[in-house]
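Feature annotation from Swiss-Prot assigns active site, proton acceptor to 806. Residues annotated as Zn(2+) binding site in Swiss-Prot: 192, 195, 212, 225. Annotation comment: Swiss-Prot describes 317-844 as domain 'USP'. Look at Swiss-Prot and you will find 633-676 tagged as domain 'UBA 1'. Summarising the annotation, Swiss-Prot assigns domain 'UBA 2' to 708-748 and lists sequence analysis as the type of evidence. For 168-276, the entry in Swiss-Prot reads zinc finger.
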């Protein structure tokens, strides 16, 4: 028999591999579905690629690759048979254990046991070889099988990729001298004390000075003033502002010339009024000081105490919590309740799977289709077995109905390369939503882009207070952020009385009084959104100098789906993250037509489109800037010998472009730095005229919109060595967003197809107020229409900070509200409309 098996496997020996240290073995989950060894059909692991496939998908992999040898893993769950001592049998595979296969946490391990079975299966005849079979199998096959069975989870390798290099404790930390000069650092509004830069800022831990970093530090430019200050004063340690969290911060030692650990960081920051001690978390991941005062919020959001009826079937599938992953699960539940996302991924599931790359675990569309099908098929959301069948089933083999799906593979792909999302910490759902939209757009080139439904244009009107002249610009956005004006609370007297009782209870060490929450009218939030905003350090092109400025924002277009974020999270003066505990009467029906932008009004005079002079510093890293500005190409051997202002005919967008060029090309291996004599707001992506910055000429913006990149922008990108056609294609494919265009060019091979096609970027969908669009357009579209909406989704947060707590979402389906709380899905009795964090509205007809 041994010779027969050896001869049988001879043709397949070249395709059987032993996993190496860098290989990922997916033996717990199918690449295309949520099948696992516990599924009825078990899981097939390819012995060449080590990818896992359910019974419905293994044939596709065989046909596509010709790979014939798979290891079939099957886990049986049975009632525990106890021995004389009452102990449990271990999980086993014919006398051996499956390693690194987690137990089903939904099964009580005191009542059930696991029996694991493995065998080799040869396709297409499905010839089976039971394992282990050391005597009859060739040595190489035995070694390969052992390596697969003993392999660790691939997600442990993914977690290791996000680990940072181990840092050492600074030799200056224990005896750091701090000057008692009365300096207290506010939680925002920082500037370099020497050049007014507002990014890449470092706080010196000795004297509290705030100065900018060196060139290319933390992905952005600086003038090196923090290092100069150290050379002058000798103060050794600095912390990067914006990196401070409860777990620490980025600390740099100038003397040791490396990033270091400061074990006394909380003490050193407290010297300057930054209190981190109150931010320390407890073992359960919830801040210690948030539990008692927030109990009421947790109960209301999760509808605790109410008899909620479980929901099952298509669209009512829960998602298991991986540990602080509720920010992701709530967003994805809402996303796949939207028809456009359902059609784009689940509707095209067969095509997406058939054309998936050889490693579908790393393909965005495949994993989106997999998740969408898992949530919408109902396969993983089945009601419990009927009571009369339970006894019969338990006598044979228990087959537990799956409760929710495990999104570990999906999360690993979504968070790849992102420090925060790849961690196990709780995150901001709003930040993940924007991160997700960015991934959708990057992976929708040449295909349907379902994120079009969220995109809208914002018109920003900025007025110089001295000259009274104005500038109208437009930018793309996906979220309407509403401020919370606490001063408009309608129950101020109750709040004052509650605060007094709370203080008395604390001093007397009594239980706190019943919580009183500030009641803020939604109309007040909407009014605050429309209020003029002061623009600090506004550079007026009319005055050719800094001046006071004010900015107002309006909608240049209304999206198909409106996402509204309530800006609840902020920092107190003590640097402790705070969540505004408010109740807002969010409407079920919302009409924002009165917020439609009007464009330049009669009698208004526009500011000249001129930017301040650009200063090229005395730095060898400025060679690329010289080549760009001189138009001499990228191969320049000389450098500027002295810093000098260049009065170039650049508008503000070109100045902003240069800064983005500096940021972006660094990660692709270039060195490029430009110092601007004016600070420009880089918080928003650079959107170049075209789809991204359309100038409306009427209330409905009925001007011709063409996604044609400006020639000067194309020329600047070409000067980096990119072919013109490639630059045009990238800009059109990314809505003229330079940051994404550069990333697109490095991740997509040059393609000449469609490079010279010009198409529109607005889809009105039979809207008489919109603009006719070319159906073959490449760039993202603006789906304009009326501004009347109906609420259909709510993401709520329980806790005091986005760094902790828990997210729950409520979605309106089939006329009723449903609560999605991790793997639990139930009919909602009291959706917490007044306590939500992110609200989702869909457009309704007038």
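Heads up, the Cβ atoms here are built off N, Cα and C, so glycines get one too.
Sequence features annotated in Swiss-Prot and their locations in the structure.
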residue : record                       : Cβ contacts under 8 Å, 6 or more apart
192     : Zn(2+) binding site          : 198, 201, 210, 211, 212, 222, 223, 225
195     : Zn(2+) binding site          : 212, 223, 225
806     : active site, proton acceptor : 298, 302, 326, 426, 797, 798, 799
- [ ] Please average pLDDT over the domain 'UBA 2' (708-748) for the predicted structure.
- [x] 71
Task: Sorted by sequence, non-192, 195, 212, 225 residues with Cβ within 8 Å of centre, Zn(2+) - done: 193, 194, 196, 197, 201, 211, 222, 223, 224, 226
Open item on the list: Helix, strand or coil by DSSP: which one applies to residue 192 (Zn(2+) binding site)?
Closed with: coil
TODO: Could you check the binding-site residues 212, 225 and say which one's CB has the fewest neighbouring CB atoms inside 10 Å?
DONE: 225
- [ ] Kindly report the helix/strand/coil residue split of the zinc finger (168-276) according to DSSP, in that order.
- [x] 15 helix, 24 strand, 70 coil
